Amino acid sequence: MGFWKFSPFLPLSILVLYQVGIIQAAPFRSALESLPDPAVLPEEESRLLLAALVKDYVQMKVRALEQEQETGGASITAQKRSCNTASCLTHRLAGLLSSAGSMANSNLLPTEMGFKVSGRRRRDLQA
């Protein structure tokens, strides 16, 4: 009984597919094989295309070099990365303290002070 419900649908679908062009008497590929492949260029056109690509590339490089010469090459600057970890900060503070300590030793301490002066005995002072 279900077959009778689909019988009018079958010829209608065949007619629609025929009109769309899916069903043909001749194979569809034979028509495509006779056409030349659009991706294949003749040798002369491929040479012209290659020459145009090379010319554009050279012009682009010349413009980049001219811009670099105009700016003087100063557009690229090297910067040291800042480190914010605890070990980097400790190392930086230790460097600052050591440089501050060396400045304090050379500038602020009197010349008569030192490890040899503070431990002198009377005998050394009289001699």
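Every residue gets a Cβ built from N, Cα and C, even glycine.
According to Swiss-Prot, the protein has these features:
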type	residues	note
SIGNAL	1-25	signal peptide
DISULFID	CYS83-CYS88	disulfide bond
MOD_RES	SER118	serine amide
Coarse DSSP state, helix versus strand versus coil, of CYS83 (disulfide bond): coil
Neighbouring C-beta atoms (10 Å sphere around the C-beta of CYS83 (disulfide bond)): 11
Around the Cβ of CYS88 (disulfide bond), the count of other Cβ atoms that are within 10 Å: 12
